[in-house]
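What Swiss-Prot annotates here:
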type     : residues : note
SIGNAL   : 1-22     : signal peptide
REGION   : 23-90    : region 'II'
CARBOHYD : 86       : N-linked glycosylation site
REGION   : 91-169   : region 'III'
CARBOHYD : 139      : N-linked glycosylation site
CARBOHYD : 149      : N-linked glycosylation site
CARBOHYD : 155      : N-linked glycosylation site
REGION   : 170-178  : region 'IV (linker domain)'
REGION   : 179-264  : region 'V (Cys-rich)'
């Protein structure tokens, strides 16, 4: 088998077009080779106006190779913030999902906190603070807890009573309910503890004198069972110069973020 040489047909117009294109390709290639020589000024113009388009420019705004100078730093920072914005948009819904609290429907439910019932009584010779909370055990019973903290002279009684309890001054205040009311009201004292400390300090009404003070801290726990509608908190306070009887009937079915405040 013989190989025959093919005749070369030269078209002047086509030859001139190929020659011009090859010249521009060589010129652009020289511009890219010159990029490694750190030439100022000419590098940016050659890359922008060249007909050769890098495939990476179809997806990224600038060449992935870092270039010295302020323009390269600005371009890299711009791409960094774009990437960070895209990552933030993706991760933000996931973060919100993680931060969503898990609601547990357990057996025990805390209805109120220590600040839900707050009573502060101040006189010349006594400073009294009473706080309370209610815990629903979920089995038809709930507990009522009280804490008393008093400084000075006086007697304090805090108890649970039915709404029919008459507010009146009694000769000897009792901290427990009567037998008939206990049976119909279904509430009883479960735990009670009182700590007392005696001390002397300067009198509030006359700092030049020394007065006898008694500091009392007590904890009382009531246990109630259903059926019940409304229970009331009954406070009886007796001192040498001041007497107070107060009945509070909060609505335990209404969960309010603002606690009940009573001051006298």
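Here the Cβ of each residue, glycine as well, is placed from N, Cα and C on the backbone.
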Take the C-alpha atoms of residue 149 (N-linked glycosylation site) and residue 155 (N-linked glycosylation site) and report the distance between them in angstrom, rounded. 12
Looking at the glycosylation sites 139, 149, 155, which one has the fewest other Cβ atoms within 10 Å of its own Cβ? 139
Expressed to the nearest Å, what is the distance separating residue 155 (N-linked glycosylation site) and residue 139 (N-linked glycosylation site) at their Cα atoms? 35
